[in-house]
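Features reported for this protein in Swiss-Prot:
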TRANSMEM  13-33  transmembrane segment
TRANSMEM  52-72  transmembrane segment
DOMAIN    69-368  domain 'FAE'
ACT_SITE  CYS223  active site
ACT_SITE  HIS302  active site
ACT_SITE  HIS387  active site
ACT_SITE  HIS391  active site
ACT_SITE  HIS420  active site
ACT_SITE  ASN424  active site
Amino acid sequence: MTSVNVKLLYRYVLTNFFNLCLFPLTAFLAGKASRLTINDLHNFLSYLQHNLITVTLLFAFTVFGLVLYIVTRPNPVYLVDYSCYLPPPHLKVSVSKVMDIFYQIRKADTSSRNVACDDPSSLDFLRKIQERSGLGDETYSPEGLIHVPPRKTFAASREETEKVIIGALENLFENTKVNPREIGILVVNSSMFNPTPSLSAMVVNTFKLRSNIKSFNLGGMGCSAGVIAIDLAKDLLHVHKNTYALVVSTENITQGIYAGENRSMMVSNCLFRVGGAAILLSNKSGDRRRSKYKLVHTVRTHTGADDKSFRCVQQEDDESGKIGVCLSKDITNVAGTTLTKNIATLGPLILPLSEKFLFFATFVAKKLLKDKIKHYYVPDFKLAVDHFCIHAGGRAVIDELEKNLGLSPIDVEASRSTLHRFGNTSSSSIWYELAYIEAKGRMKKGNKAWQIALGSGFKCNSAVWVALRNVKASANSPWQHCIDRYPVKIDSDLSKSKTHVQNGRS
């Protein structure tokens, strides 16, 4: 108990060091001021009169500096609102339904009809991965894959993506009452499906956006592309004043489904599900009052210069010529290394002085003592961040980040619940997690939320937001009909998940 109190005292002293120093300084100046006489004031005024040019120049430079700072500083970027797509109920799939879809896909593939469908080991492998994935029985599959026989056509892929994007945007425009023609910047990201005309062009056409819109379409950038899109929109909002930026993050499941027998490529079939999010950003000062959040920091880390990082998630042909996404056995180590580099950049921006000092001290000690100190000090990010939105890439990803960042079960609750309810929706998963926190009523004014996105390349990207008010869930939130059933409890044997309401956590 004593060590805990000492640590708390240490953190308080360092975090409030400048404030603590300010009190004696203020007292000293107040004491000096109380001893001033009328004669001292006359002498001071006389000094100003004899040095009028110097005083005037100093005042002019001060005013010029303040004006220059106000004019050149970037405008704040506000998150007015966002919308996560909720697919229709008939697209819900249980674990057993997903297994049936896998079987139908393999059966429909003429090159594997006599082998893969009759291979119990392949389907048994898929079943084990599916049951241990952390996904529940109410995730969503695209229309084309539910159809018997499955439709893996280009038209089915386009239909899936258009329904997700249009559905999310219609709800966003309805909630914000923003006219689509007011949008000045558009960024759409979809890794696997990039038709011509582009998805951003489809949005322009569907919602009749204006002809001078700054439009961007990001492809092939993986599950971390959502934060990349936010970062790009932020930079554009710093240049183009008084406008709105629209960010759309989604992924296509129909296009990315794998029908072969390579087990490294089968895993993604078990994790990815339908989902997408639309986010409205603004740099208009008048939008602060109605916005939910202000963007504080974005940090992007790319370790693609290393071959192991570059190849750990890769779309390629298998031995029989079928295209799939191969997940390397090195992915966990690569993700950990990339995350470490990302938080090494983000930490100094958000951590209190006490944590910065401890990290710096252990860094110097490790350099001097080398082998005597095995690990660097892991900062307590819970002192700087109130809510964590970790990409719901899978149970292993969430477990690893929970351990590496020293988080508690409630810190990763939003991620686990999103994975269970919606599966891995790729770049949009961090928005379903933020919506979960809002639906639980936990987002209070001044709270900071940290979105952590991991993706192929290999990339780790972070976005930190601060709540401008007590944030409630928006209309038509994806959690509005099921939030009372969460969080979920996953059995320790990883084989089955059961949903129940924990006392005091609903």
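We count from 1, first residue shown onward.
Glycine residues also receive a Cβ, built from the backbone N, Cα and C atoms like all the rest.
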| Can you tell which of the active-site residues HIS387, HIS391, ASN424 lies nearest to HIS302 (active site) in space, using Cα positions? | HIS391
| remark: For HIS391 (active site), the nonlocal same-chain Cβ neighbours (under 8 Å, six or more residues apart) come out as CYS223, SER224, VAL397, SER415, SER429, ILE430, ILE452, ALA453, LEU454, GLY455
| query | Within the chain of HIS387 (active site), which residues six or more apart in sequence place their C-beta under 8 angstroms from its C-beta? | reply | ASP411, ALA414, LEU434, ILE437, ARG442, MET443, ASN447, LYS448, ALA449, TRP450
| field | Which of HIS302, HIS420, the listed active-site residues, has fewest other Cβ atoms within 10 Å | value | HIS302
| Tell me, how many other CB atoms lie within 10 A of the CB of ASN424 (active site), whichever protein chain they belong to? | 26
| Three-state secondary structure of ASN424 (active site) from DSSP? | strand
| remark: For CYS223 (active site), the number of neighbouring Cβ atoms whose distance to its own Cβ is within 10 Å equals 28
| Once the DSSP letters are reduced so that anything not helix or strand counts as coil, what is CYS223 (active site)? | helix
